[in-house]
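Note sheet for the following structure.
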Amino acid sequence: AGAGRIWLQPFFCRGTETALHHCSHYGWGQHYCGHYWDVGVTCTGEGLDAVELRLVNGGGPCTGRVEVKLRGQWGTVAHDVWDMEGAEVVCQQLGFGSAKSAHAWSRFGKGSGPIHLALVDCRGDESALWECTIKGWGLYNGSHSWDAGVVCQGKSHGISPGLLRPRATCASTK
């Protein structure tokens, strides 16, 4: 535990901030905790450019469980109330057009790796999933029962920032 003044008590960070004070917080010097809540970090030197996105286990390129690659390992996105806004961001980011449907509760099977993103809240206009508000970033000790999935329409509208592979036509969807 530290000693002295507590300068910053952030509440939530998305993981895309360039400085700790860019996270939501009470204000400089405003806090409601003691030093027993002091934290530290260990940096790996990897940036967001190490993050990738894909859909798996859906029977086609535009349908499936949402997975992200973080630090070289694929993992899932988990949220018990995964919604159309999050699905829209995923579909647009991958170049698969607008979202047709959003699925929580492991409709496309439970992932077997880590849960990399949890409790993701998107507006629907973000250019990448990791620009959404993410309350669980990195290893998350939740259940794979909440693994998120999407069905994309396959008709792309404009440019998809962060596109990782060529646009696909979705022939079959679940």
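Every residue gets a Cβ built from N, Cα and C, even glycine.
Annotated in TrEMBL:
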- 1-44: domain 'SRCR' (DOMAIN)
- CYS13-CYS23: disulfide bond (DISULFID)
- 53-153: domain 'SRCR' (DOMAIN)
- CYS91-CYS152: disulfide bond (DISULFID)
- CYS122-CYS132: disulfide bond (DISULFID)
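Among the disulfide-bonded residues CYS13, CYS91, CYS122, CYS132, CYS152, the residue whose Cβ has the fewest other Cβ atoms within 10 Å is CYS13. When the Cα of CYS23 (disulfide bond) is compared against those of the disulfide-bonded residues CYS91, CYS122, CYS132, CYS152, the shortest separation belongs to CYS132. Residue pair CYS13 (disulfide bond) / CYS91 (disulfide bond) shows a Cα separation of 24 Å. Distance between Cα atoms for CYS132 (disulfide bond) and CYS152 (disulfide bond): 19 Å, as a whole number. There are 15 other Cβ atoms within 10 Å of the Cβ belonging to CYS23 (disulfide bond). Recorded residues CYS122 (disulfide bond) and CYS91 (disulfide bond) have their alpha carbons 13 Å apart, per Cα-Cα distance. DSSP gives CYS13 (disulfide bond) a coil state; it is part of no helix or strand. Taking H, G and I as helix, E and B as strand and the rest as coil, DSSP gives the domain 'SRCR' (53-153) the counts 17 helix, 47 strand, 37 coil. Confidence annotation: the domain 'SRCR' (1-44) carries a mean pLDDT of 73 in the model.
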